[in-house]
Amino acid sequence: MKRDDLIFDIIEKEHQRQLKGIELIASENFVSDQVMQAMGSCLTNKYAEGYPGKRYYGGCEVVDQSEQIAIDRLKEIFGAEWANVQPHSGAQANAAVFLAVLNPGDKFMGLNLAHGGHLSHGSLVNTSGIIYTPCEYNLNQETGRVDYDQMEEVALREKPKMIIGGGSAYSREWDYKRMREIADKVGAILMIDMAHPAGLIAAGLLENPVKYAHIVTSTTHKTLRGPRGGVIMMGKDFPNPWGKKTPKGEIKMMSQLLDSAVFPGVQGGPLEHVIAAKAVAFGEILQPEYKEYAKQVQKNAAILAQALIDRGFTIVSGGTDNHSMLVDLRSKYPDLTGKVAEKALVSADITVNKNMVPFDSRSAFQTSGIRLGTPAITTRGAKEDLMIEIAEMIETVLSNVENEEVIAQVRARVNETMKKYPLFAD
């Protein structure tokens, strides 16, 4: 068979882009060679609808083993009693939880998207906001942190069936205990989407929501440094509170509802090559080296945030507890949009994403902020000194967004600097 040079040349171009640049998108990371090998394995050939030991296809004895290893390792990492590793993405995991917990039109509550929430937590352009009825809680305008008193007020007023914690652009620790107390007051299911900080939670650097939430979802890339995918967990399984029964008249456990919501509810056959890669990544997380990596991610984020603050940038909430930060450009560059900032930085081979900030007057296509994160650059071996240098380069670019000569100089500096850093530093 003739090699498809058109596609493989594109793949090599992307490889070079990743090698030469500084990756600061908070949701991105670089996987190890063995995770990559598992994703590119012959397991992609196997259809395996169902779950280990209960498949709708023959010949699943081998993939049953790799999927069960993924389940067992994930449960060990987070202290969960039950886990499902089949969701193709974090959004798919969330959609499955919605299907298991809510009926069409049911009310639920999540963090305002413009304040750092996620599309799958109730955006009106997402199925979560189309099929179900969202209400939202916000950040405190003064502190830039989740306003738990306001969250409780909204919950008591709206009586949501489910409350969601977690977001895509929130740099602070969550008070899961308080959230569970609020959920219990209104009889709501508490779902925590820990997609962003999951790796720091796995390393014991942040509070573990599995101890407090009814249901926890996550992606498997980002700080977990695995393949792109999703998972669902419960600290303790429990009988579903709505009295849904099996054909034999027994009350279904919540795990049964969640398993059915993943398959056949929102997905068909699982991606067993990706699940094997998840298992490999989970095995890496269980090694002592991973905790050191996670500590460095957290250190690098704190140093980068402070270096930017020292240069006059505003960080929403004043800093970070995790791997990420949201930079509000309005104080330092009132006329600069996140869109223009992103384009200028990408031209300098510093990859970031534009992001709305709390109480933003600009649209999601323009924005007044950029989001930064340190998981990927830390995987490459970066330490605190490079964070200081990155802050300097960001300021240089954003002070010269229309000066192609300055941007070219920064790009050359970035490319030269990154020659010292492999994509995955052992």
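For all residues, glycine too, the Cβ spot is worked out from N, Cα and C.
Lifted from Swiss-Prot, the feature list:
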- Leu113, Gly117, His118, Leu119, Ser363, Ala364, Phe365: (6S)-5,6,7,8-tetrahydrofolate binding site (BINDING)
- Lys222: N6-(pyridoxal phosphate)lysine (MOD_RES)
- His221: site 'Plays an important role in substrate specificity' (SITE)
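His221 (site 'Plays an important role in substrate specificity') is 16 Å away from His118 ((6S)-5,6,7,8-tetrahydrofolate binding site) when you measure Cα to Cα. Here His221 (site 'Plays an important role in substrate specificity') is positioned 25 angstrom away from Phe365 ((6S)-5,6,7,8-tetrahydrofolate binding site), judged by their C-alpha atoms. DSSP gives Ala364 ((6S)-5,6,7,8-tetrahydrofolate binding site) a coil state; it is part of no helix or strand.
The maximum pairwise C-alpha distance among Leu113, Gly117, His118, Leu119, Ser363, Ala364, Phe365, the residues recorded as binding (6S)-5,6,7,8-tetrahydrofolate, is 16 Å. Each residue contributes its Cα atom, and for Leu113 ((6S)-5,6,7,8-tetrahydrofolate binding site) and His221 (site 'Plays an important role in substrate specificity') these two points are 21 Å apart. Cβ packing within 10 Å was compared across the recorded positions Leu119, His221, Lys222, Ser363, Ala364, and the lowest neighbour count falls to Ser363. Other Cβ atoms within 10 Å of the Cβ of Phe365 ((6S)-5,6,7,8-tetrahydrofolate binding site), summed over all protein chains shown, number 10. In this structure, the C-alpha atom of the residue listed as 'N6-(pyridoxal phosphate)lysine' lies 17 angstrom from that of Leu119 ((6S)-5,6,7,8-tetrahydrofolate binding site).
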